[in-house]
Amino acid sequence: MNLWVSIFLVSAIAGSCLPSGFAYVDVCNHEFEVFRSVIEQKCPRSLYPSPPIEVDGDLLDKLMDANHGNAYISILFYTSRCPFSRAVRPKFDVLSSMFPHITHLIVEQSQALPSVFSRYGIHSLPSILMVNQTMKMRYHGPKDLASLIQFYKETTGLKPVQYMDEGEPTSLDTDGNLITWLHNGSSIREIAEREPYMVLALMFLSLKLAILIFPIMGSRLKTLWALYVPHLSLGILGETSQLFGRALHMIDVRRLWIKLRLTKTRNFQERAKNALASVSLGKSSSQSA
């Protein structure tokens, strides 16, 4: 029964707009145009979310030159070889849906010359640059979604049309957190094979830190050497001289003892010779008598 009622109502509405007269057709068209204009005012086409556009250096310059109005353009400079850059890419896609008023462009490092990055003041990746006709604002801060939304709101004065959560996978391939890798049981060798550029970057940072620390440590060690080592040297030399003097004294005592023994031995030998001589003289005198 409900099905027949629905069919009857649809037929009645369609019959009201049949070309029984040109006036009825004009009324239907006019009502449709009014309805469409109201819908477009509430949901203009410019607010429909669109994904970020991947461009190279030449196309980026052309789009920037063609931006004569006060429209904002957000540009993500990143490299696909770095896990930290790959982690920012999904967040940038979310931002393009939350802020459809803003044109979002993506520039990959291999698609642009180094002069393009220098022209826009990009010296590290990933970097997000907000541009309009009068200003260029580079984002400095954490790369989480809440901080990026706050940067968009403060820079452009616009509010997001919807709030979205970061529904990004946190696997080893997409998450660039070294601590997470180590926590999940990956060895240093596996990380080096998977991300050699990150290992080289860490080695470079360690070398730079060592270059900064070693001169300071060297100056401190020199100061400690100048303050304490001379006193230690004098004390060691004094003790050494005392030990050397005692050793010499012991050597002199030993020499005296040897001389004394030699003297006693000589005296004993002389006395023995004298005794033998007196005995031999006594025997010779008795024989002559």
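Cβ atoms here come from the backbone N, Cα and C positions, even for glycine.
Sequence annotations record features per position, and here Swiss-Prot assigns domain 'Thioredoxin' to 37-157. What Swiss-Prot records for N132, N184 is N-linked glycosylation site, and it gives sequence analysis as the kind of evidence. The annotation signal peptide is assigned in Swiss-Prot to 1-23 on the grounds of sequence analysis. According to Swiss-Prot, the feature transmembrane segment maps to 198-218.
In three-state terms derived from DSSP, N132 (N-linked glycosylation site) belongs to neither a helical nor a strand segment and is classed as coil. Sequence-distant neighbours of N132 (N-linked glycosylation site) (same chain, 6+ residues apart, CB-CB distance under 8 A): N67, N70, A71, Y72, I73.
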